[in-house]
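Here's the structure, in structure tokens; my notes come after.
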There are 2 protein chains.
Amino acid sequence: MNTVPKTKLGPSVITEYLQRVVEDLREVEGGAVKDSIPALANADPNPIGIAVATVDGAIYQAGDSKQEFCIQSISKAFTYAQALTDRGMDGVFEKIDVEPSGDAFNEISLQPETGRPANPMINAGAIAATSLVKNTAHGTRRERILRLYSRLAGRQLRINKTIHAQENRSGDRNRALGWLLSSRDIIEGDPTNALEDYFAQCSVMLNCVDLARMGATLAAGGVNPLSGERVLSTQVVSDVLSVMYTCGMYDDAGRWALKVGLPAKSGVAGGIIAVLPGQLAVAVFSPPLDQHGNSVRGVAACERLSQDLDLHFARTERNGHSTVRSQYYLSEAPSLMRRNDAANEVLEEHGEDVRIVELQGDLRFAGAETAIRTIREAARECAYVLVDIRQVDDLARYVMPLLGRTSEQLENAQRHLAIIAEKGSEHTQDLDHPVTVFPTRAEALTWAEDEILEKFGGPECMPDKVRSTDSDLLSSLSDEDVEEIRSKTTRVEWPAGTTVLRAGQRFEGVYMVVSGNVEITRRSPTGERVELEVLGPGKSFGEVALGTDSRHMVSFTTITDVVARKLPPEAVDEIEKTHPELALRWWRAVSTHAMRRIEERWRQQAGETHTTD
Amino acid sequence: MNTVPKTKLGPSVITEYLQRVVEDLREVEGGAVKDSIPALANADPNPIGIAVATVDGAIYQAGDSKQEFCIQSISKAFTYAQALTDRGMDGVFEKIDVEPSGDAFNEISLQPETGRPANPMINAGAIAATSLVKNTAHGTRRERILRLYSRLAGRQLRINKTIHAQENRSGDRNRALGWLLSSRDIIEGDPTNALEDYFAQCSVMLNCVDLARMGATLAAGGVNPLSGERVLSTQVVSDVLSVMYTCGMYDDAGRWALKVGLPAKSGVAGGIIAVLPGQLAVAVFSPPLDQHGNSVRGVAACERLSQDLDLHFARTERNGHSTVRSQYYLSEAPSLMRRNDAANEVLEEHGEDVRIVELQGDLRFAGAETAIRTIREAARECAYVLVDIRQVDDLARYVMPLLGRTSEQLENAQRHLAIIAEKGSEHTQDLDHPVTVFPTRAEALTWAEDEILEKFGGPECMPDKVRSTDSDLLSSLSDEDVEEIRSKTTRVEWPAGTTVLRAGQRFEGVYMVVSGNVEITRRSPTGERVELEVLGPGKSFGEVALGTDSRHMVSFTTITDVVARKLPPEAVDEIEKTHPELALRWWRAVSTHAMRRIEERWRQQAGETHTTD
């Protein structure tokens, strides 16, 4: 139950941090607003907005993060993405190279031999990229560009008509670039339409939150974290981020790489977007620009965040060392199957022939390498290696084939690999080499134990059935007492899959298993069915409610056909009345049996505490 | 025990993969060996070597990975690192810019205004970088450069004197660059010494394994994975990798960023090194070069590995979603403290007032953001949030202060945050805001339970002591029976810290706790002391060996001063002889008690199976 009243916690520490950054940015001086068009020349230089959007869909913002500004050159990255989507990298590469030029953004220069713009982040390349976006039945080029931006941001964005008109009026230098591109057949025919659309895309209005969400969609490999919609392919996103990395900050690319280390794009209205693949995007807005055309405070903010939060690509600490969650021998964590003494003896002798390796986290190359190395090391001394991948989050597509091939290598050396994976896990579906797969650790352990018992144990280790007097429950009693108690029991049998006793039922007798297996289960608080024990011939169940009026807290289900002897409550009552001395010995036997189970559990509990290497 | 004979498994699947890559590379045609000096012009164009070194110290290699070649321009990256170490980034930046030039590597051009070479990866910048390495009392410039390379590689490398002489003879263009640098005061005075040292550094011999290990040292942030020695600072490594990213592949940087997406450096002898920060380095060697001066097959190999193994920086799938290992309420995983019924009732009512959040993996920004968001969500409905960071591998330095501030925010809203961290964990040392820290989950849970009982329970919930007849063990017996049994007991007491019964000892009686707390522990297979239960007043211990000749499998230690009643074995024997009916009821009571404990364990076991959200 929950008895706590609701409360408000105030802004997250991450929001507080961004608020401090904005305050500190107010102290940063210098730069001038762009004067190319009146809307920019007359802009208030003071607003500062910042937003961070994560690939989980979280957003943090501070300052003027909701103030709209026009996207300007930041649009180049996204339109390039649409061109790549429409034409493929080869089709686009024919027209636009991907090399940093070292030139200013509006330089009038094309590669002498090919006529290609150096990259799609300078104006010449951006105009060419716009021209490569198709007019289709589903929308004109301009509509499709606007739709892409909107899907990336997760809301409908609009073109500011005043700014568009101003861009158009002052666009002569860009017109010159357009005609130059036409002269070299980079744009086919009249460039006017492409130029119009380019002016329009530069005039799209958005705020820091929109821009951060657009970046987070790139960070998430093209899937909008909020809508879950795939907006761009992984390949296109990778290509766009690569070009942003080397060319996004114009002739400041090298310093940016050093100080920030994130792919980014700036616009002359004062916006900057920076993307940390797999994690987040940062959007900043502050109009005054430096000599490269980048927002002075925007650059300062990105340097600050990269430094404070270690976002720089080269600052990744080592990955993969948390891949192996734990590893241990069978002897330290036996299966849930309650075996007889003969079996336990054999398993004890071979308890280090089986190694369990639990993996976790993301299995990309470094993780896979660690996993495979760990498996190979285990296989040097163990005949069976059980690899539990249920706690693995993300598994690169090439990892399962590598595990499959490793399994084959192990088998050639008389070793065996088994994988523990969720039922129906996609990972285990397309293995070249078939690997034994189990859905639970319990089943994998039981399998390995059975293998060992088959190889090294006599038939007494895995009895198909026991004599009806051979019950662990009665093992501390004399033959005479056992026979007396047996005479009060009746034979019962159930087919596989029968729930013999359900949690919540009252005591209705003690069952001593003669043949077959019974599983003890319970629902976890979150509703999952948890296997607690598996009982074979010689084991008993139902006695936990014996002598009390409490209800069973667990369910008992047959997993094979089962034959058992049932000792009903009346029989216990009768023994207490007519044979008080036998009753005393019976209760002592039951006590002793229960105590041994408590001890077993303690041993298991101590064994489960594994350390991660 | 282990009974498995040793075996050989053959090469790892990763080695097999590299062998396939080398085979496929033999099909790649084109390129020509460099003809600048005889040693290069006469080189056999056929060898192909590849090596991958991980930050864990593992190495995989194929082909001619042990064939030596000369480092040539790859040296530029490492000498730049030494210059940064000697002069700091500011001192170096004054003399060498960090911008991609778009020019060929041996272009004679300096920035018009400052005279600085565009970056340290073109020859002009590299010669300037060499000149910035200091001659010190610990070695000449040349010795110190060679020593750095050797420490990065983990073995002593040598300069090839023949090649050095040839470089010297054909170095006129570089001499011109040297004098040009002197003319602009980038090099002070005569550049001859710096040029000599530059020719020497280019003539260092190594193989793919050496080069991969040098790269792995960069990938590991400057610490050689094999020797564990810190060779370069994290900052210098970050700066060098940043410059390699934008300038390492000369005028092919953009295409490289697109296709490979790793910081890299090539040399005209045919070597390439590429680094995936935090994970690994790839070294390839194959002499024929393309028009940019990069190894044709080396580039092909890097593109292939980046593609096959998703090494591209922009290809990172989302991080951080595995941060929250599991989360659950107190009711699903109560403490090990065995409470009385009154306490259990209160705790049941408030079982969802406490939330446990287990974190794992690396807590960098994305992980920290997820963790803080999860804590805040939990605090909306829970008064206590217990955060277990013991499975966290790497914790960015700013994370604990953020957790500290979050704790403060929670307290302002009458919520409480406690952290579970290893004893002496560095993470918990410099918190601005003091956060309650516990070394084990058991202690944190007991604390939260005690807080709840103090707030909501009566004094009966946490009795300092019970009457000597109030033992759970006897709770199913009549007052008369209890009194009879009590009369057979004797009073015992121990100070805190006494081990009352040690694992391995035989049964020597049942102890019923009157006041104080006793801890049940057992050694895990790996030798750790595992806490199993904590017993307070009203609980009993020692009875698990009752009626058997088996030895205790656990130890019982007082954690406070303890008073108990002891029922010795003789007393049980006597009751059986003289009061058989009481003996029957006694054994039934012991049975019932044991059965309840088995049920308790089942419930706990089912509760422990948490799913990761």
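Here, residue 1 is simply the first one shown, and the rest follow in order.
Backbone N, Cα and C atoms are what each Cβ position is placed from, and that goes for glycine too.
Please treat TrEMBL annotations as automatic predictions, because they have not gone through curation.
DSSP classifies B:VAL268 (substrate binding site) as coil under the three-state reduction. Here TrEMBL flags B:SER73, B:ASN123, B:GLU167, B:ASN174, B:TYR198, B:TYR250, B:VAL268 as substrate binding site.
Residues annotated as domain 'Cyclic nucleotide-binding' in TrEMBL: B:473-575.
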Query raised in the report: Since the record lists B:TYR198, B:TYR250 as binding-site residues, which of them has the fewest other Cβ atoms within 10 Å of its Cβ?
Result: B:TYR250
Query raised in the report: For the domain 'Cyclic nucleotide-binding' (B:473-575), what is the mean per-residue pLDDT, to the nearest integer?
Result: 87
Requested in this report: Just give the helix, strand and coil counts over the domain 'Cyclic nucleotide-binding' (B:473-575), going by DSSP.
Outcome: 20 helix, 41 strand, 42 coil
**Report entry** B:ASN123 (substrate binding site), number of other Cβ atoms within 10 Å
**Finding:** 22
